[in-house]
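Marked as compositional bias 'Polar residues' by Swiss-Prot: 591-602, 617-633. Positions annotated as N-linked glycosylation site by Swiss-Prot, on the basis of sequence analysis: Asn158, Asn164, Asn173, Asn179. Taken from Swiss-Prot, the feature region 'Disordered' applies to 588-633. Residues or ranges marked as topological domain 'Cytoplasmic' in Swiss-Prot (evidence: sequence analysis): 1-30, 554-633. Look at Swiss-Prot and you will find 31-51, 58-78, 113-133, 209-229, 238-258, 283-303, 330-350, 373-393, 429-449, 453-473, 493-513, 533-553 tagged as transmembrane segment, backed by sequence analysis.
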Amino acid sequence: MGLCVNGAVPSEATKKDENLKRGNWGNQIEFVLTSVGYAVGLGNVWRFPYLCYRNGGGAFMFPYFIMLIFCGIPLFFMELSFGQFASQGCLGVWRVSPIFKGVGYGMMVVSTYIGIYYNVVICIAFYYFFASMNRVLPWTYCNNLWNTNNCAGVLSPNSSASFNLSSQQNLLNLTLGLNQTLKRTSPSEEYWRRHVLKISEDIGDFGEVQLPLLGCLGVSWLVVFLCLIRGVKSSGKVVYFTATFPYVVLTILFIRGITLEGAINGILYYLTPQWDKILHAMVWGDAASQIFYSLGCAWGGLITMASYNKFHNNCYRDSIIISITNCATSVYAGFVIFSILGFMATHLGVDVSEVADHGPGLAFVAYPEALTLLPISPLWSILFFFMLILLGLGTQFCLLETLVTAVVDEIGNDWIIRWKTLVTLGVAIIGFLLGIPLTTQAGIYWLLLMDNYAASFSLVIISCIMCIAVMYIYGHRKYFKDIEMMLGFPPPLFFQICWRFISPGIIFFILIFTVIQYRPIQYNDYLYPDWAITIGFLMALSSVICIPLYAIFKIWCSEGDTFLQRLKNAVKPSKDWGPALQEHRTGRYAQMSSTRSESNPEAQPLNPEKMKEDLSLTIQGSNGQAHTQDSKV
């Protein structure tokens with residue numbers, strides 16, 4: 001009986017797939033779109049524009065793109081080539097040096113944390129999406145049950161403060177007066193805090209589960225599962241919509257935004273360069289951190305997605321396209337955000353800095369409030385939150401697939417491959433259950449705690465160790481030859497230098513910067529207690545600790561009479577390291593093929609008829625020339 005690939009019937013998988021056991025992307029566009037959806041997430045919309053205006057406007061673009069060239073693209077290319085060469089997920093690739101397999105487990109832990117709270121953000125976007133399907137947005141006025149006496153809506157003729165606005169000057173006086181006396185709160189802020197979250201006073205006060213959010217969380221996980229029900233075979237089709245439609249929405253919102261009064265002021269505030277700020281270390285640190293985190297490096301997702309590529313796919317080209325697309329999207333989103341915020345600031349008669357925000361405050365408070373000022377505001381709100389949902393889902397697909405692929409590759413038997421859909425369902429159910437505490441009244445505190453600690457400096461450490469393991473333990477010369485065997489050309493000299501020296505140096509700089517700039521987390525005026533911060537550090541360490549723990553375990557289990565012998569055996573590549581298919585095991589890997597085939601029958605070519613036809617492999621190099629490799633079969 002044939003193997004079931006990614007939950008699909010065998011006949012569907014054997015038409016074009018090179019690796020019949022794991023399956024491949026339907027075509028290269030699916031991989032590129034999936035990777036774009038993975039890299040382009042919520043942070044591109046709600047974090048980058050804020051960092052840009054805070055760090056010198058247009059001047060911030062200079063360090064940002066410098067970090068992209070010297071750190072972002074090289075690391076992206078390294079992870080793609082790593083996964084594609086071995087055709088394995090974030091665990092299986094560490095056959096390259098088994099002692100470092102803990103790095104893969106660390107990536108799984110990080111992806112688990114991110115997947116839990118990221119889907120809660122998506123579920124909140126679902127909630128706002130459904131709430132926008134009204135004639136009047138529910139956060140427009142102050143006449144709702146959840147509003148307080150301090151609420152003062154910019155459109156409220158009968159607000160709780162009982163002011164009657166007759167002109168823009170009166171509106172300005174109202175705003176200034178409220179700031180001095182009542183500390184004005186907007187309807188959107190009260191809707192967010194008092195209706196959606198019903199936020200408690202302390203992180204330890206969980207209160208009740210918010211059933212509407214719980215329902216939206218279930219919807220979110222159901223959508224993710226259905227899109228991954230056949231692995232990359234189904235998600236590869238979904239991304240044609242989820243990865244492209246956000247750009248349609250961004251363009252619609254941009255065109256609408258620039259036609260509004262005050263939009264130019266917002267855009268100028270966003271772009272006007274303050275060149276003196278590029279001399280500040282914090283600006284360079286923010287640029288490096290944003291590049292590193294926004295590309296999804298060290299999460300395990302890039303390795304996983306690339307593992308489903310065909311062996312000779314040009315991942316060098318893909319890494320450049322995807323990285324530049326990610327950064328260009330961030331810049332483009334800034335125009336969309338600040339054109340609307342500029343209009344809002346003009347309407348209120350205040351400076352743009354008074355309405356600018358980042359994170360959940362931008363997505364669920366500031367921007368929704370600005371949308372209430374537009375005609376047909378429910379339409380714009382529906383589009384905005386639908387865009388957030390799609391951006392979040394694109395990342396969530398890869399986070400879940402990273403975990404599922406790691407489990408399936410690690411077990412590796414026919415049964416687990418046949419029932420991969422059940423593994424996906426199991427991981428989705430566990431993710432849903434672990435996300436329930438984040439739908440309580442203290443959920444936002446825990447969400448921000450996980451966001452700040454679970455995937456912060458631990459990612460930097462994981463990425464740094466990965467560079468050291470591949471470049472210095474396995475050996476840069478061997479890795480460069482591996483890439484040449486796979487692509488038909490060695491990595492360009494620039495990337496060789498970056499991988500060995502520049503990128504690890506920048507990663508180390510990010511780590512030092514993160515430590516120096518560390519401040520205890522707070523949410524608005526709420527300061528997190530020490531015990532909560534301790535839990536945050538434990539979450540961060542839980543991924544990093546996998547590396548030394550597994551190294552100790554591997555040394556203990558390795559053969560050898562002395563510690564040095566065990567260490568040497570734990571460090572050197574395992575016998576089954578290399579291309580997954582024997583037809584690709586040429587050069588120095590051909591010498592291991594006979595031994596590997598005898599000891600592992602599954603390593604035999606899965607498509608011998610194809611191999612008989614393809615006696616030579618022609619690979620298109622970056623210079624446009626054809627490189628021919630004779631088949632060793």
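Positions of Cβ are set from backbone N, Cα and C atoms, glycine also.
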Honestly, do the transmembrane segment (453-473) and the transmembrane segment (493-513) touch, with at least three Cβ pairs under 8 Å and pairs 6 or more apart in sequence?
-> yes
When pLDDT is averaged across the topological domain 'Cytoplasmic' (1-30), the result is 67
For the transmembrane segment (373-393), the distant same-chain contacts (Cβ-Cβ under 8 Å, at least six residues beyond its ends) come to 37, 40-42, 44-45, 118-119, 121-122, 125-126, 128-129, 132-137, 140, 154-155, 220, 223-224, 227, 241-243, 245-246, 249-250, 252-253, 256, 260, 343-344, 347, 363, 367
Contact ranking winner - 238-258, 283-303, 330-350, 429-449, 533-553 against the transmembrane segment (209-229), Cβ under 8 Å = 429-449
State the non-local partners of the transmembrane segment (58-78) in its own chain: residues 6+ outside its ends, Cβ under 8 Å from one of its Cβ atoms.
-> 51-52, 271-275, 277-278, 283-284, 286-288, 290-292, 295, 297, 302, 315-316, 319-320, 322-324, 327, 331, 463, 466-467, 470, 491, 495, 498-499, 502-503, 506-507
Can you tell me which of 31-51, 283-303, 330-350, 493-513, 533-553 gets the most C-beta pairs within less than 8 Å of the transmembrane segment (429-449)?
-> 533-553
Answer with yes or no whether the transmembrane segment (533-553) touches the transmembrane segment (283-303) by the criterion of at least three Cβ pairs under 8 A, sequence separation 6 or more.
-> no
Non-local residues, at least 6 beyond the ends, that sit with Cβ under 8 Å of the transmembrane segment (330-350) = 44-45, 48-49, 52-53, 61, 154, 168-169, 171-172, 175, 250, 253-254, 257-258, 260-271, 290, 294, 356, 362, 366-367, 369-371, 373
